[in-house]
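Structure record follows, encoded as structure tokens.
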């Protein structure tokens with residue numbers, strides 16, 4: 001029997017209860033007290049205190065606080081999208097603390113092909129997700145036995161997480177075989193309707209149509225783009241998914257509400273940084289995401305990701321408190337009053353290359369609540385897309401290789417329970 005915390009039971013010997021320990025009733029009461037304190041557990045008697053909650057005399061375990069369950073998930077997180085965010089959300093639900101490994105550029109080149117985003121950009125994106133507690137840069141693509149033991153011993157990882165889609169090394173072996181062998185592997189459900197491979201295809205298809213206004217690229221690559229043409233999106237948005245990504249909290253009556261709007265297409269490091277800067281100006285960050293039709297009319301090109309995909313990416317950002325899905329192009333006085341907006345902000349780097357007929361911020365400017373903030377990065381959706389176009393052949397080969405494994409996954413796909 002372990003040591004009994006007598007200080008927790010000093011009331012047994014105090015004058016107020018001393019007389020209760022005599023007579024037959026007192027003997028019965030004493031017996032129940034000893035059971036509730038775990039006294040008889042020394043003899044193998046299974047008498048947990050919770051069997052007698054009505055007594056109000058229960059011994060409460062003052063043991064050490066339970067160590068948080070730490071889970072690990074890795075990935076390339078190239079062309080970060082809501083599927084990545086949902087995977088990490090699911091991983092976090094399997095533990096208390098989520099540690100994320102971001103695979104190195106060299107490992108991505110060796111196993112997949114050239115990454116679109118740099119390690120710095122991918123780290124900013126992963127750290128910007130609300131479910132991530134810790135990040136390990138330059139993680140290996142394979143969970144080798146050596147790296148697995150490092151996770152267990154140095155980072156105190158309890159479980160290693162991956163989606164239900166296979167992750168194979170160039171030799172065809174399972175990248176997570178070691179974790180599965182020792183029983184420290186858990187699986188989550190892959191988010192349907194999006195992948196980095198699919199997004200690359202969308203970008204090339206958009207370039208073919210001239211949506212990104214890169215006429216020289218359109219001329220050079222339009223003949224080769226047919227093999228990449230994909231449906232714009234297979235994602236089926238649900239209210240449940242939006243609730244999972246949402247904070248579920250509104251601003252307090254005295255909160256300083258900051259409003260910023262945009263397309264937030266191909267959610268990138270520049271978006272994360274400007275949202276972080278905006279959040280510093282108040283207590284509650286409200287983000288307006290323009291719908292597909294508005295972007296097409298005002299900017300003269302279609303968004304690569306559709307409205308609900310872009311909204312989920314913004315909702316997943318740790319600096320964002322609420323999103324207006326399909327926000328109006330112009331910020332009206334009624335909108336400012338409805339959401340109790342204190343300040344409207346806009347960055348110095350803009351995706352809008354077309355001359356606007358009207359100033360969308362005219363009203364907040366007239367009210368003296370408009371503020372321009374310096375964009376921490378000059379990254380734009382077009383600059384990210386152009387990286388792919390400028391390296392067309394390399395990404396053509398990368399997509400071709402990845403498409404084979406993705407087609408196999410979907411042809412063998414079965415229902416997987418999960419969230």
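From the backbone N, Cα and C atoms, a Cβ is placed for every residue, glycine too.
Remember, predicted model here, so these are calculated numbers, not experimental data.
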Region 'Disordered' per TrEMBL - which of 210-229, 230-249, 250-269, 270-289: 210-229
Per TrEMBL, the range holding transmembrane segment, considering 20-40, 41-61: 20-40
Three-state composition of the domain 'Cytidyltransferase-like' (72-201), taking helix and strand from DSSP: 48 helix, 29 strand, 53 coil
Secondary structure composition of the domain 'Cytidyltransferase-like' (259-350) [DSSP: H/G/I, E/B, coil]: 34 helix, 25 strand, 33 coil
Local confidence of the prediction over the domain 'Cytidyltransferase-like' (259-350), expressed as mean pLDDT: 96
